[in-house]
Amino acid sequence: MIVVTGAAGFIGSNLVRGLNRRGIYDIIAIDDLTEGDKFRNLVDCRIADYMHHEDARALLKAGQFPRVRAVLHQGACSDTTERNGQYMMDNNYRVTLEWFEYCQANRVPLIYASSAAVYGASTVYVEDPANEGPLNVYGYSKLLFDQVLRTRMDKLTAQVVGLRYFNVYGPHEQHKGRMASVAFHNMNQFLAEGHVRLFSGWDGYADGGQSRDFISVEDVVDVNLHFLDHPGTSGIFNCGTGRAQPFNDVAAAVVNTLRAEQGEAPLSLDELVSQGLIRYIPFPDDLKGRYQSFTQANVDALRAAGYTAVMRDVQTGVSEYVRYWRSRKSLA
């Protein structure tokens, strides 16, 4: 059995699909379906069992959780604006620690979701404590377990890998609401209003020129499975493309892919702007000084760990995403 926590969530459900594509169906999916809507993310997946996350946690604490082949731990509170520190630390730090202790006691590989939020305002995205300084309790909840792993690295009984996800986009994120990716919101905006809105220039960047390391969830799944295939490798690794691209690229990919559906030719950025298909709104005063205008993962450690696949750029990945959702007609 392989455990996937957060299995009905965005990255978790895509991981289940990735395992299914390999013919792996003996999966224990752990999540919280109290509100129910996320079940849709698992409808087309094959799993062996579903378990509520609190039931799984009770078994962990009692030392009664069955031994499994591996744990892919994606379950967490991913709302970076959550201000309840106790809730965040319990869900993100403490639960990860409990899975870690279980996996070490039973010699089970653990691959868990960390976050690029650990870097805070740093402009150097290398997996080194000198570059880390989270700006919110979400980032701290992720950093604290990374620090635990560092102190235990020379005593591990089984693989432990922390993946610092950058800006992930792709299918099955619709339940995330305002925390969904820029690509998702751009799609909804264009379909509803016929144009996409981006922030105007600030902090030395042109209109829509603020940049992020946008990574397709398909590449995130591939990275997870790479480490699952290499249980002798442990450590903390950035999970990004190593390529920063502006928000303009995301918006252009969304609009041009949707235009192509109607048989319309692609437009350049200047043409998209001049025709009012991309519009810029004033940069919010309350974000000035608190906004990351640029992120770009250093992927040297990831490459050194043997992951050599070419990752999708925004033009490829976002277009795939748009076509997928339109084919499913599930964008709302």
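Quick reminder: no glycine exception, Cβ is built from N, Cα and C everywhere.
Swiss-Prot lists Phe10, Ile11, Asp31, Asp32, Lys38, Gln74, Gly75, Ala76, Cys77, Ser78, Asn91, Lys142, Val168, Lys176 with the feature NADP(+) binding site. According to Swiss-Prot, the feature active site, proton acceptor maps to Tyr138, Lys176. As annotated by Swiss-Prot, substrate binding site applies to Asn167, Arg178, His185, Phe199, Ser200, Gly201, Trp202, Arg212, Tyr291.
Note: the CA-CA distance between Tyr138 (active site, proton acceptor) and Cys77 (NADP(+) binding site) rounds to 8 Å. For the substrate site, whose annotated binding residues are Asn167, Arg178, His185, Phe199, Ser200, Gly201, Trp202, Arg212, Tyr291, the maximal Cα to Cα separation is 22 Å. If you compare every pair of Cα atoms in Phe10, Ile11, Asp31, Asp32, Lys38, Gln74, Gly75, Ala76, Cys77, Ser78, Asn91, Lys142, Val168, Lys176, the residues listed for NADP(+), the longest distance is 23 angstrom. Cβ neighbour counts within 10 Å, taken over all protein chains shown, single out Asn167 as the most crowded of the binding-site residues Asn167, Ser200. Taking each Cβ in turn and tallying the other Cβ atoms within 10 Å, the top scorer among the binding-site residues Phe10, Trp202, Tyr291 is Phe10. When other Cβ atoms within 10 Å of the Cβ of Lys38 (NADP(+) binding site) are tallied across all protein chains shown, the result is 22. Cys77 (NADP(+) binding site) sits 20 Å from His185 (substrate binding site), taking the CA atoms of both as reference points. Distance between Cα atoms for Ser200 (substrate binding site) and Lys176 (active site, proton acceptor): 25 Å, as a whole number. Separating the Cα atoms of Lys38 (NADP(+) binding site) and Lys176 (active site, proton acceptor) is a whole-number distance of 10 Å.
In the three-state DSSP reading, Tyr138 (active site, proton acceptor) counts as helix. Annotation note: Ser200 (substrate binding site) sits in a coil segment as assigned by DSSP. With respect to Tyr291 (substrate binding site), the closest of these recorded positions in Cα terms is Val168, chosen from Asp31, Gly75, Asn91, Val168, Lys176.
Cβ neighbours within 10 Å of Val168 (NADP(+) binding site), excluding its own Cβ and spanning all shown chains: 23. Here Trp202 (substrate binding site) is compared against the binding-site residues Asp31, Asn91, Val168, and the shortest C-alpha distance is to Val168.
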